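Take a look at the structure below.
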Amino acid sequence: MRPALAVGLVFAGCCSNVIFLELLARKHPGCGNIVTFAQFLFIAVEGFLFEADLGRKPPAIPIRYYAIMVTMFFTVSVVNNYALNLNIAMPLHMIFRSGSLIANMILGIIILKKRYSIFKYTSIALVSVGIFICTFMSAKQVVRTDVCFLGIGALTFALLMSARMGIFQETLYKRFGKHSKEALFYNHALPLPGFVFLASDIYDHAVLFNKSELYEVPVIGATLPIMWFYLLMNVITQYVCIRGVFILTTECASLTVTLVVTLRKFVSLIFSILYFRNPFTLWHWLGTSFVFIGTLMYTEVWNNLGTTKSEPQKDDKQN
């Protein structure tokens, strides 16, 4: 029951979150900072109440390690959202962020000295070609290609930084144990003072949000500017998405989680193309298929679909 609930939360939360983010970005492309701040604040307050027990619960992982991870997480979040202000269409934004496997493999080879099979190298090559096709075709469709390539550079930087953060987090979990809820809280609470440097931009967009047309919220009947409603729904759905992924990681094997998240991205992409009428050529479809096929090849998810966390342990004992 819980895995089915988790899958429902992931699809409902994550897909609707992308929709509200695109509604925000279409009206005000530079609103990434206020969106990031609202998401961080909401999750930090929730974590302070229920995970940190109003600050009475000491962290299992020393704060000095969280400070390093938080710096990377904050940078990734801000850069990813800011890229929407640099002529990056939402479909390309989603496809590019699906290329995290490439960054993970590159840094895994460099930092952790990992080696992979030819099959995995082939899958990563497919993902790389797919992203290149989508990026190249999207760049041809914009007027300011210099700004577009700056956005692509920002996404590339965020992708590599995110992979480096994942490796750092992996080493922390091996040393101190896995504390996902705690990490979620500190990753969102500690960066909040950093938003002081973005206060001017956040305030400017808050003023713009106040000037948007009024919207009557269904069921409760309250009226508020529609941009604030979009932001509120974006924050709530972000939380639902994160909780869904967290439940999924505790109930299912990592490869099943990867499959669900990959399928969720594909559904979000299709909806963005059809509902928002984003330009998407046959070349984009070809590149997208390469990205998703390569992702599924890398995880070898068809051999592990439906595996629960207890099943691999049984197999290990039998061997």
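Yeah, the Cβs are placed from backbone N, Cα and C, and that goes for glycine too.
Positions annotated as transmembrane segment by TrEMBL: 32-51 (among others).
Outside the transmembrane segment (63-83) by six or more residues, the chain places 30, 32-33, 35-36, 39-40, 93, 97, 151, 154-155, 157-158, 161-162, 164-165, 168-169, 172, 183, 186-187, 190-191, 194, 198 with a CB less than 8 A from a CB of the stretch. Residues annotated as transmembrane segment in TrEMBL: 63-83 (among others).
The annotation transmembrane segment is assigned in TrEMBL to 95-112 (among others). Away from its own ends, the transmembrane segment (95-112) comes close to residues 80, 88, 120, 123-124, 127-128, 130-131, 134-135, 152, 155-156, 159-160, 162-164, 166-167, 262, 265, 269, 287-288, 291-292, 294-295, 298 of its chain (Cβ-Cβ under 8 Å, at least six residues beyond either end).
Residues or ranges marked as transmembrane segment by TrEMBL: 119-138 (among others). Through the fold, the transmembrane segment (119-138) approaches residues 88-89, 91-92, 95-96, 98-99, 101-102, 105, 148, 152, 281, 283-284, 286-295, 297-298, 300 of its own chain, all at least 6 residues removed from its boundaries and within a Cβ separation under 8 Å.
Here TrEMBL flags 144-163 (among others) as transmembrane segment.
Look at TrEMBL and you will find 215-233 (among others) tagged as transmembrane segment.
Marked as transmembrane segment by TrEMBL: 245-276 (among others).
Annotated transmembrane segment per TrEMBL: 282-299 (among others), in sequence order.
When each of 32-51, 245-276, 282-299 is checked for Cβ pairs under 8 Å to the transmembrane segment (215-233), 32-51 comes out on top. Proximity of distant same-chain residues to the transmembrane segment (282-299), defined by a Cβ-Cβ separation under 8 Å and at least 6 residues beyond the stretch ends, is recorded for 91, 95, 98-99, 101, 119-120, 122-134, 137-138, 255, 258-259, 262, 265-266, 269.
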